[in-house]
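Visitor: Quick one: this structure, given as C-alpha cells, is what I'll be asking you about.
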Amino acid sequence: MIKVTIDEQSLEVEAGSTVLAAAERLGIEIPTFCYWKRLPPLASCRMCLVEIEGLRRLQPACATVAADGMVVRTNTPLIEETRSSMLDMLLANHPLDCPICDKGGECELQDMVMAYGPGESRFRDPKRVFHSKDIRLSPVIIMNVNRCIQCQRCVRMCEEVVGAVALGTVEKGMDTAVTGFEGSLASCDQCGNCVEVCPVGALMSFPYRYKARPWDLAETDTICPHCGTGCQLTVGARKGEFMRVRSDWEHGVNRETLCVRGRFGLDFIESRDRIKRPMIRRDGTLTPVSWEEAGDFLRQRLGVAEGKAAGGLISPRLPNEVLYQFQKLMRTVLRTNNVDCSSRWSAPLDILVPIVASFYSRDPLEQVIGKDCVLIIGGNVTEENPVTEYLLRDAARRRHTRLLMLSARPSRLDADARAVLRAHPGGEGQSLAAVVAALVAVTDEGLPDDIFAKTSGTTASSGANDALDRLVSTLKEGRSVTLLVSVDLLRSPLARKTLEQLGNLLQLLRLLGKEPSLQFLFDRANQMGAWDMGVLPGVLPGLSPIADEATRTRFERSWGAEIPREPGADVDAMLELCEKGGMGVLYVVGSDPLISYPDREFVERALGAANLLIVQDAFLTDTAGLADVVLPAAGYGEESGTFTNNEGRTQALRKFREPAFDARSNLAIFGFIAALRERPLQPSTETVIFEEMTRLVPAYEGLTWEGLGADGAFTTSAPKPWTSGFFAPLSAPAVTDVLQLITGNCLFHNGYVSEHSETLNSVADDPFIEMSAQDAAGLSLSDGDQVLVRSARGELTAKLKVNRRFPHGLVFVPENYRALRLNSLMRRGEYPCPVEIRECAKRAASALDEERV
C-alpha cells in the first residue's frame with residue numbers, strides 16, 4: 001500500500017492505482033471524457049489534468065500512477081482555466097442543436113460545460129460541418145458526426161471489449177471522423193455499446209430516436225430475459241409503453257455492456273402476436289372467451305386426470321417463483337412428478353445432478369474466469385452468451401487468463417485462445433476423453449492406479465494432436481482451472497457419455513490440485529433457476545432426489561400435501577405417453593415443443609393425441625394452435641420475481657407495467673387452475689413464495705427479497721463428495737462424408753421469443769445456412785445463394801452464408817426462425833443430423849428435366 005494526498009485529504013491505495021482511482025475513493029470529482037473503466041487509459045481529452053507537487057506540467061489523472069507520498073491538487077486556478085479552455089475548444093465546432101438532440105438531458109458535454117465551462121465562447125468562426133443530415137450506419141445505430149468530440153470511447157469499446165472492430169477513424173486533425181467500413185455498420189454486432197458510452201449525441205439509437213426525453217421515462221432496474229448471463233439493465237417506459245434500454249457501470253455481471261438482444265430486443269413485448277383473451281376449442285376452432293367461460297370448460301375437461309396421466313412443461317425463461325409454483329402445482333394439485341423445463345432435449349439427471357452438486361461454482365463470473373486457465377467446452381460463446389464473451393476477452397487480454405477452446409463451431413474468442421481443439425458435434429465426449437488420457441499420460445505421480453486403466457486407449461481425432469498437446473500442457477501448467485460448458489452437450493444422444501467424460505476431467509483436475517470450477521453457459525435466462533426450483537421429473541427443489549425420504553417429508557410438511565414417490569417422465573417420455581393415448585392433461589407454460597423439439601411430425605401427432613392440451617403463454621405459439629385451451633399470461637416486464645443466472649446469482653426481475661389486454665400473471669393462473677380442482681395453492685404472491693423458497697432450498701437460505709438490491713445476491717452451495725469414480729472412455733465416433741447439420745442460437749436472436757422483436761428482425765430477418773468455404777466450393781455454391789437442405793425427414797430453404805473459418809463437413813442452421821421448421825428435418829435421438837445441400841435453382845432445373853423425360 002502507498003499513501004497519497006489529494007486536495008489535503010490522505011488515503012492509502014494499492015500500488016499501481018491511478019490518481020483518478022484514488023480521487024474517486026475520496027469522493028473527489030475529476031472530469032473526464034475519453035476515460036472509461038473497462039478500457040485502458042488514453043489521456044487524450046485532457047479534461048482530467050491535475051497538479052502534482054514537484055512536477056512542472058499538469059498531468060492526466062486517468063493515466064498517472066500514484067506514488068508513495070504524492071501530493072495532488074485537482075481544483076486550482078490553473079486547472080480551472082485549462083478545463084474551461086478545453087471545453088471552449090470542443091464547443092467551437094459543436095452544433096447548437098441540444099433541443100433536438102436525443103442526448104439532451106443526459107449529455108456529458110452539457111454537464112461539463114455547466115460545471116467547468118466558460119460563460120461565453122471566444123470563437124466566432126463558422127462551425128465545421130461534415131454532413132447536413134444524420135447518417136444511418138445500421139438498422140439500429142444512427143450517427144451525427146458533427147457532434148463527435150473524438151473521445152474514441154466508441155472505437156475502443158468496439159475493438160477492445162466487443163471484439164467486432166467495426167468502428168474506426170478516418171482523416172486527421174480537424175477533419176477526423178468516426179465511421180464504419182465504407183460508412184456502414186452492416187457487418188457489426190449491432191450491440192449498441194458504442195451508443196451507450198458515447199458522451200454526446202454523436203451515436204444514437206435509431207429505435208429510440210425522437211421518441212422521448214430522459215425525464216419523460218419511468219425507469220425500472222431489471223434483468224435481461226434472453227440468455228443465462230443475466231445482464232442487469234434499466235428499462236425506460238412512458239405510460240407503460242417500452243421505449244429503450246440502458247445499462248449501468250456500477251451494477252450487474254455485465255458492467256454496462258449489453259449485446260444486441262439485450263439492448264434492442266426487448267420490444268418483443270409490444271408484439272402484435274400477444275394473446276389477448278382466453279380461448280377454447282369449439283368445433284375445431286379456437287374461440288375467444290371470458291375467464292369464467294374458460295374456467296367452466298376446464299372444470300368439465302380436467303375431470304380426474306392426475307398422476308401419471310398428467311404432465312407439465314414450462315419454459316426456463318420464467319421467474320423462479322413461477323417455476324417453483326408450477327412444480328408445486330403439478331405435484332400437489334395434479335399429483336404428478338411428470339414435469340420438465342426443456343422442450344429441446346432431455347437431460348440425463350443421474351449424471352448431471354452429481355456433477356452440479358460436486359463441482360458447480362456459484363461464484364462471480366469475473367472471479368471464476370480470473371483463474372489461471374479457462375476451458376470453454378462446446379457451443380459458440382460469441383453468439384450464445386455475447387456479454388460473457390466480452391468478459392472472457394477482457395480476462396485474456398488484461399488479466400492474462402489462458403483461454404482454451406474445445407468446440408465444433410468457431411468463435412471470435414479463438415483468436416485469444418492458447419489452444420483450439422475442434423470436436424465433432426456430438427463427439428465432445430470423445431475429445432474430453434482424449435484430454436483426460438493425455439493429461440494422465442503427462443502426469444508423473446500422485447494418481448490412483450485405476451485411472452490409467454480407465455483412461456487408456458483414447459486418442460484425439462486426426463489432425464488434432466498439436467492442438468491437444470497445447471491444451472493439455474496449458475492445463476498441466478495452470479494453477480487453477482475453470483470449465484465453462486455449453487448446453488450443446490445436452491443436445492446429443494451421447495449426452496450421458498459426454499457428461500461422464502466431463503466428470504472424469506473434473507475429478508482429474510481436482511486430484512491434480514487445480515481447484516476446478518464449473519459453470520454452464522445456459523442460453524435461456526433462468527435455466528439455472530429452473531433446475532434449482534426442481535422443475536425436473538426426478539428431483540425436488542434444491543436438486544434433491546424424489547426418492548430421498550427425509551427431503552420429501554420436509555416438503556410435504558411445508559406444502560401440506562403428499563408428493564408422489566416415483567420419479568416422473570421427462571419431456572420425451574411425456575410426448576411418447578401422449579402419442580399412446582395415456583396423457584389425460586398436458587399443461588404447457590411458456591414453451592413451444594412443436595417448434596423446438598426434434599421430429600415435428602412426432603410432436604404434432606403426440607400433442608394432438610393428448611386428451612386435454614392447456615397452453616399458457618403471452619404469445620400465440622405453434623403449440624397453442626393445437627391447444628384445447630389457451631390462457632393469456634403476463635409477458636416480460638408484466639410480473640415480478642427473480643432469475644438465477646449462470647453464476648448462481650439471484651437477481652430481481654421487476655415489472656414496469658401491468659399485464660396487457662386480458663392477460664393474468666402466471667401465478668394468478670396457477671391459482672385459477674388449483675381452484676378448479678378445489679385444492680387451493682398457497683402462497684400466491686412473489687415475495688411470500690420467495691420466502692418459502694429460501695426456507696426449503698438450501699442454496700437460497702439467507703437470501704431476502706429486500707437484500708437483492710441492484711446486484712442481486714449469490715446462492716451458495718457446499719460441494720458434495722464425488723462418489724461415482726472414473727467412467728470408461730468413449731470409442732471414436734464413426735467417420736462420415738455426409739454433411740452434418742447442427743443448430744444453436746445466432747447472434748441476433750435467442751430462441752423464438754426474440755422473433756417477436758421488430759428491431760431484431762430489422763437487423764436479421766432472413767434465416768441463413770452456414771457452411772465452410774471448402775464445402776461451398778465443392779458444391780459450386782456461393783455466398784448468398786438460395787439453397788435447399790434436405791434430410792431423410794424433410795427439407796428447408798434459406799440463403800447460404802459462407803464462413804471461411806467454419807469446419808469442413810458441418811452445416812449450421814440457427815434454431816431461431818419459426819418459419820424454417822428446422823425440427824422437421826431432425827429425428828429424435830439423432831444429433832447432428834445428416835443432410836444434403838444443393839442450390840434451389842439447380843434443383844428446379846433438375847425437376848424440370850425429369851418431367852420432360
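Using the three backbone atoms N, Cα and C, a Cβ is placed for every residue, glycine included.
Quick caveat, the model's predicted, so the values are computed rather than measured.
Look at Swiss-Prot and you will find 1-78 tagged as domain '2Fe-2S ferredoxin-type', backed by sequence analysis. If you look up Swiss-Prot, you'll see Cys34, Cys45, Cys48, Cys62 marked as [2Fe-2S] cluster binding site, on the strength of similarity to another entry. Per Swiss-Prot, domain '4Fe-4S His(Cys)3-ligated-type' is recorded for 78-117. The [4Fe-4S] cluster 1 binding site annotation in Swiss-Prot covers His94, Cys98, Cys101, Cys107 and is backed by sequence analysis. Among the features that Swiss-Prot reports, domain '4Fe-4S ferredoxin-type 1' is placed at 139-170. Annotation comment: Swiss-Prot describes Cys148, Cys151, Cys154, Cys198 as [4Fe-4S] cluster 2 binding site. According to Swiss-Prot, the domain '4Fe-4S ferredoxin-type 2' annotation covers 179-209, on the basis of sequence analysis. Marked as domain '4Fe-4S Mo/W bis-MGD-type' by Swiss-Prot: 217-273. Per Swiss-Prot, [4Fe-4S] cluster 3 binding site is recorded for Cys224, Cys227, Cys231, Cys259, and the stated evidence type is sequence analysis.
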Visitor: Rank the binding-site residues Cys34, Cys101, Cys154, Cys259 by the number of other Cβ atoms within 10 Å of each Cβ and report the first-ranked residue.
Guide: Cys259
Visitor: Other than Cys224, Cys227, Cys231, Cys259, which residues of the same chain sit close to [4Fe-4S] cluster 3? List them in sequence order, counting a residue when its Cβ is within 8 Å of the Cβ centroid of the site.
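Guide: The answer, listed by sequence position, is His226, Thr229, Gly230, Asn254, Leu258, Arg261, Gly262, Asn385, Pro386, Val387.
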Visitor: Hey, which bits of the same chain come close to the domain '4Fe-4S ferredoxin-type 2' (179-209), Cβ under 8 Å, at least six residues off its ends?
Guide: 33, 36, 94, 101-104, 107-109, 134-145, 147-149, 151, 153-154, 157-158, 161-162, 164, 166-170, 243-244, 246-247, 256-260, 263-264, 267, 386, 747-748, 759, 763
Visitor: Using Cα coordinates, what distance in whole Å links Cys45 ([2Fe-2S] cluster binding site) and Cys148 ([4Fe-4S] cluster 2 binding site)?
Guide: 12
Visitor: Work out how many Å separate Cys151 ([4Fe-4S] cluster 2 binding site) and Cys259 ([4Fe-4S] cluster 3 binding site) at their Cα atoms, rounded off.
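Guide: Between the Cα atoms of Cys151 ([4Fe-4S] cluster 2 binding site) and Cys259 ([4Fe-4S] cluster 3 binding site), the distance comes to 22 Å.
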Visitor: Using a 10 Å radius around each Cβ and counting other Cβ atoms from all shown chains, which of the binding-site residues Cys148, Cys231 yields the largest count?
Guide: Cys231
Visitor: Which residue among the binding-site residues Cys45, Cys98, Cys198, Cys224 has the fewest other Cβ atoms within 10 Å of its Cβ, if you could check?
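Guide: Among the binding-site residues Cys45, Cys98, Cys198, Cys224, the lowest count of other Cβ atoms within 10 Å belongs to Cys98.
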Visitor: Under 8 Å between C-beta atoms and at least six residues away from its ends: which parts of the chain pack against the domain '4Fe-4S His(Cys)3-ligated-type' (78-117)?
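Guide: For the domain '4Fe-4S His(Cys)3-ligated-type' (78-117), the far contacts come to 31, 33, 45-47, 49-51, 58, 123, 125, 127-129, 144, 146-147, 149, 174, 198-201, 204-205, 208-210, 213-215.
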Visitor: May I ask which residues of the same chain, at least 6 positions away in sequence, place their Cβ under 8 angstroms from the Cβ of Cys48 ([2Fe-2S] cluster binding site)?
Guide: Leu20, Ile30, Pro31, Thr32, Tyr35, Pro60, Ala61, Cys62
Visitor: Distance between Cys259 ([4Fe-4S] cluster 3 binding site) and Cys154 ([4Fe-4S] cluster 2 binding site) at the Cα atoms, whole Å?
Guide: 15
Visitor: Over the domain '4Fe-4S ferredoxin-type 1' (139-170), what is the model's average pLDDT?
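Guide: Here the mean pLDDT over the domain '4Fe-4S ferredoxin-type 1' (139-170) amounts to 94.
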